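> Below is the structure I would like to discuss, written out as structure tokens.
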Amino acid sequence: MCLPSHLLSTWVLFMAAQSLGKTWLPNHCRSPIKAVCNFVCDCGDCSDETQCGFHGASTIPSTSFTCNFEQDSCGWQDISTSGYRWLRDRAGAVLHGPGPHSDHTHGTDLGWYMAVGTHSGKEPSTATLRSPVMREAAPTCELRLWYHIASRDVAELRLDLTHGVETLTLWQTSGPWGPGWQELAVNTGRIQGDFKVTFSATRNATHRGAVALDDVEFRDCGLPIPQARCPLGHHHCQNKACVEPHQLCDGEDNCGDRSDEDPLICSHHMATDFETGLGPWNQLEGWTRNHSAGSMVSPAWPHRDHSRNSAYGFFLISVAKPGTTAVLYSPEFQGSVSNNCSFTFYYYLHGSEASHFQLFLQAQGLNTPQVPVLLRSRHGELGTAWVRDRVDIQSAHPFRILLAGETGPGGVVGLDDLIMSSHCMLVPAMSTLQSSLSGPVPLALYPQTSIKLPQQTCEPGHLSCGDLCVPPEQLCDFQKHCAEGEDEHKCGTTDFESASAGGWEDISVGKLQWQWVEAQEKSKPAGDANRDAPGHFLSLQKAWGQLRSEARALTPALGPSGPHCELHMAYYFQSHPQGFLALVVVENGFRELLWQAPGGGSGSWTEEKIILGARRRPFQLEFVSLVDLDGPGQQGAGVDNVTLRDCNPMVTTESDQELSCNFERDSCSWHTGHLTDAHWHRIKSHGSQLDHTTGQGFFMFLDPTDPPARGQGALLLTRPQVPVVPKECLSFWYRLYGPQIGTLCLAMRREREEDILLWSRSGTHGNRWHQAWVTLHHQPEASTKYQLLFEGLRNGYHGTMALDDIAVRPGPCWAPKSCSFEDSDCGFSPGGWGLWTHQSNASGLASWGPWIDHTTGTAQGHYMVVDTSPNVLPKGHVAALTSEEHQPLSQPACLTFWYHMSVPNPGTLRVHVEESTRRQELSISAHGRSAWRLGSVNVQAEQAWKVVFEAVAAGVEYSYMALDDISLQDGPCPQPGSCDFETGLCGWSHLPWPSLGGYSWDWSSGATPSRYPQPSVDHTLGTEAGHFAFFETSVLGPGGQAAWLRSEPLPATTVSCLRFWYYMGFPEHFYKGELRVLLSSARGQLAVWYQGGHLRDQWLQVQIELSNSEEFQIVFEATLGGQPALGPIAIDDVQYLAGQQCKQPSPSQGEVAAPVSVPVAVGGALLFFMFLVLMGLGGWHWLQKQHCPGQRSTDAAASGFANILFNADHVTLPESITSNPQSPPDLA
């Protein structure tokens, strides 16, 4: 075997490394093995940090090392021992599967992630994903990732870290699981030497076990690199690294060689790590010293201590009962005004929002201890990390430090590594002061203010105001229950002139925090939002935490809120591109991004309005920011003048009852829902997005790829409405446009009832507005309120949805112009024997019916079916299905429908049009070989009319008839297989195939603005007003994805002519879309014509003669043969001339292809012959390679089917060669 010269050296190195028993990595600069995968780029191209569970892409310090699984698995390996295993997978592989339909990186189905699929085994099993060996994690190292779990699919998730002989559990949970992608952030702590990370999912017999993992990020994990000189004031470590002065003697190995914690440097510090006891500290009650090895008392307990980062390390934990306080107190220290005494400590708050940690300073008065002064207060859920903090103390009197912890239900408060700096001088043991302070007085004896509070008469958690006791659920509910509104005082609305800050509380755990500050003239911003220099605002400030985490400020629990609820505020923001300022809502433990400051900010105060809408209680608002305060320029962030307006849910306006809306003034009664991070937006017409009302006005718009949307869909719903009449007609205009757009649904919601699906459409409906209408059936009780909701589902990611001109009128609607039976029976009523049934094969009542519907091609799709077996419908008897009334027609129309008749002859399907009289338009008796067939009827009706389908039974056992996808289109019915696309796609179907990516051909005209490139004129009319079918190939990803446009089933033919015009436009030759013509039958698919195109701004004609001995469909396949680029493929004026040979047309506009004769018989012999030909070509190519040429000829034609068999548009097929491209099974 010969190897190319450029691969030979790589192969030799690999074999040499294997022979020496060493790990071989693509390390271009040959770093020592200890410097590989250590979160530091030693090579100029960072190649020493690839396949490490992440990819090193930048040599910039503090850059995160990430893996988004788009190119490979980054070295992560499945080490599962059962069939329940991890693999790298792509989003949307299964349309209705349990996994995510989009990845987290891109939010589309083109993205990749690691996934463990469903497992049908009855035994419990665990799928384990393990990282490669990593080395030397810094104390600041943070691992972040996103995971996705279908509801109740997994029993447990856990994240472990193994180093040496110990395995640390970094995170573990058994739910509850939230919707969509959820973020996990854990701190690894300082890890010396080698370590691995494992992510595992455990399922049992009651769980399917579908889990996905994406966007793994290692943040700030690298140790500082050696430097010849350190910045002024920094400490130079023994290994030549530099650390900041406050990192000395702080209980963490910041240098990487522990020289910053050298006992010689830290000998004057008083450090207590609880490994051998409490040291000089004492407790009144409630604290106990413990470790995490073995079984833990509570799931919220720390899995490791801070000092040793080990489960065997000791810490203090609060064991006080909920409602009581555990108190730890220090020895007495001497007072000093000249020197700061610094106290560094690490605390742990996890498991309960009600847990509380406080730090008090208690100074000694002349004779007795003074009232303790609160210096730090933290409460709530701060995660599983040990949080560092520090206080600097200046006291003229001797003092003690008191640490108080109060645990909420299921919560834990922990302490570790209490460090007093060298300037904290102990009071001599036998001093007079020491003897006078026999011990601290319990905290409960000291009120925190000098005002004597009245005796509390309300229960804990209740607010006392006058004679009222306001319960917790009525606090911050946007309704005043107290006379002075005290129950709404600390609920987010504030100008920050009061120290209470309107209830906003900092919950940061890292190097940044939110603080209530006074504006200074010499700093930025120079004043608050009111331009007052002494004014106050909420400002982003430095903190003593060790992690590079976002700063967070949170309100108390709020709600419920009404649909008009808005937050008005002023903000200041200036940052480099990586910084941000955002507003988040926290609801049921999950976070939704509401707003983010644009770009790098303006550096001045800016007013902003954010719609919050109707939300259930409890929810909280949170300001989140990450800014490099040490970076160049005056970077920073601030918030002021926060006002929550119109949030009372009881407040109504006239517009709340306005269902009819053209969205020109506002959104009337319609408002956005908040179940996911995808949202409808009211926008003004611009570019290719034009409203329906005027073409220049407003409408509701949804872009499924609008960042940062990752949720399943977006809701647009009304306020609760009171019915006016028993039946109302709701009409609206909608647009579903794009090569891979999702589903738009309309539903009705009543209290304590399941939502009622009224209408739905999926996939592209062309680049235009369509009108739809639905009859609303109200309950007899007039007091029963209802809501209407439109939901745009993100099961497609290329295209847009839009709504406009919603109108409601009394009385029922006309019959719909199209019906897929997916949401309802569309008003069709069974007559006669009443045997027609609305069902799907998966959940049907009829004994017999099609395996799949026509709309979705799945067993879950719906249709109408009648069982014509003699025991149900005797021979000669009729089962009728009658539509509602259609409005009169101003011009002839074509009624199309798809029917399915069993192979045992079920009888006859008759179609009648009932105007003033009933007239039969069509009669079908052929069974159609158990496949969906297209039927069509020309309709002319000057009055209101109905369509009636009649099933006449033949008395045959196990027989049935079914109907699906009934549609009424303007203009006469076209011939089978033919279409000029002026009124639509005729009988051609663009149903997306999930196995091909779920893409669809679209329908448009040159005059209609489009976000995708398209021909400027059609071929039929040669003008911008003409229409055509087209597909934009740039949305396709790699891996054989394609879009199909399929004809209706066509009968067997000895000779027929297919004639069509096509258009292809690509900027360069290597940007190549491909157009194929396939013939599909029960035996597979056969490619009969192919063209790969580049820029040709003209329409070209092709003729193909076809013959086939069995029924078939014509398929136009658009796919990608090169690099993705904007470029359309379009077709127009398709003619199928049954029983006719192709004739050479006279030259006309554009080029003309020569006719091609293609006898089609997709038999086993031909497929086998094709296999032999391909094997022969492959063998010839292999033999050629054995000569090992040094370089190919630069002017040789590229090998491939295109240049061999096709020349421009003149097609020459070898007489007996066929191809069988991989594709879904029989399309019939």
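Cβ atoms are placed via backbone N, Cα and C, with glycine included.
Got these off Swiss-Prot a minute ago, pasting:
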SIGNAL    1-21  signal peptide
TOPO_DOM  23-1159  topological domain 'Extracellular'
DOMAIN    28-49  domain 'LDL-receptor class A 1'
DOMAIN    65-223  domain 'MAM 1'
CARBOHYD  ASN204  N-linked glycosylation site
DOMAIN    229-267  domain 'LDL-receptor class A 2'
DISULFID  CYS230-CYS242  disulfide bond
DISULFID  CYS237-CYS255  disulfide bond
DISULFID  CYS249-CYS266  disulfide bond
DOMAIN    270-426  domain 'MAM 2'
CARBOHYD  ASN290  N-linked glycosylation site
CARBOHYD  ASN340  N-linked glycosylation site
DOMAIN    457-492  domain 'LDL-receptor class A 3'
DISULFID  CYS458-CYS469  disulfide bond
DISULFID  CYS465-CYS482  disulfide bond
DISULFID  CYS476-CYS491  disulfide bond
DOMAIN    492-649  domain 'MAM 3'
CARBOHYD  ASN641  N-linked glycosylation site
DOMAIN    659-815  domain 'MAM 4'
DOMAIN    817-975  domain 'MAM 5'
CARBOHYD  ASN841  N-linked glycosylation site
DOMAIN    977-1144  domain 'MAM 6'
TRANSMEM  1160-1180  transmembrane segment
TOPO_DOM  1181-1228  topological domain 'Cytoplasmic'
> Using a 10 Å cut-off on CB atoms, tell me which of the disulfide-bonded residues CYS230, CYS237, CYS242, CYS249, CYS476 is the least crowded.
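Counting other Cβ atoms within 10 Å of each of the disulfide-bonded residues CYS230, CYS237, CYS242, CYS249, CYS476, the minimum falls on CYS230.
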> I need the CA-to-CA distance for CYS465 (disulfide bond) versus CYS249 (disulfide bond), whole Å please.
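Distance (Cα to Cα, whole Å): 49 Å.
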> Which stretch, 65-223, 229-267, 270-426, 457-492, tops the Cβ pairs under 8 Å count with the domain 'MAM 5' (817-975)?
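The listed stretch sharing the most Cβ pairs with the domain 'MAM 5' (817-975) is 65-223.
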> Helix, strand, coil: count each for the residues of the domain 'LDL-receptor class A 3' (457-492), based on DSSP.
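So the domain 'LDL-receptor class A 3' (457-492) is made up of 6 helix, 6 strand, 24 coil.
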> Taking only the Cα atoms, work out how far CYS242 (disulfide bond) lies from CYS255 (disulfide bond), in Å, as a whole number.
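That separation, Cα to Cα, works out to 7 Å.
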> Near the domain 'LDL-receptor class A 3' (457-492), which residues from the same chain, at least 6 beyond its ends, have a CB less than 8 A from one of its CBs?
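Non-local partners: 323, 500, 502-504, 555-562, 565, 567, 617, 621, 642, 644, 647-650.
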> Return the residues near ASN204 (N-linked glycosylation site), defined as same-chain residues 6+ apart in sequence whose C-beta is under 8 angstroms from its C-beta, sorted by sequence, else 'none'.
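Set apart from ASN204 (N-linked glycosylation site) by at least 6 residues yet with Cβ under 8 Å, we have PRO124, ALA155.
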> Can you name the recorded positions among CYS237, CYS255, CYS266, ASN340, ASN641 whose CA is within 10 A of the CA of CYS469 (disulfide bond)?
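Taking CYS237, CYS255, CYS266, ASN340, ASN641 one by one, none has a Cα falling within 10 Å of CYS469 (disulfide bond).
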> Report, as numbers and ranges, every residue of the chain located at least six residues beyond the domain 'LDL-receptor class A 2' (229-267) whose Cβ falls under 8 Å of a Cβ in that stretch; write 'none' if there are none.
136, 138-139, 190, 192, 223, 273, 306-307, 344, 346, 388, 390, 417, 419, 421, 544, 546
> CA-CA, which of the recorded positions ASN290, CYS458, CYS476, CYS491 lies nearest CYS255 (disulfide bond)?
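Comparing Cα positions, the candidate nearest CYS255 (disulfide bond) turns out to be ASN290.
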> Give me the Cα-Cα distance between CYS482 (disulfide bond) and CYS476 (disulfide bond), rounded to a whole Å.
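Distance (Cα to Cα, whole Å): 11 Å.
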> Quick one: Cα separation, ASN290 (N-linked glycosylation site) versus CYS458 (disulfide bond), in Å?
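ASN290 (N-linked glycosylation site) and CYS458 (disulfide bond) have their Cα atoms 37 Å apart.
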> How many helix, strand and coil residues does the domain 'LDL-receptor class A 1' (28-49) contain under DSSP?
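With helix first, then strand, then coil, the domain 'LDL-receptor class A 1' (28-49) has 6 helix, 0 strand, 16 coil.
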> Could you please provide the mean pLDDT value for the domain 'MAM 5' (817-975)?
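89, rounded to a whole number.
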> For CYS482 (disulfide bond), just count the other CB atoms lying within 10 A of its CB, please.
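Looking across every protein chain shown, the total is 17.
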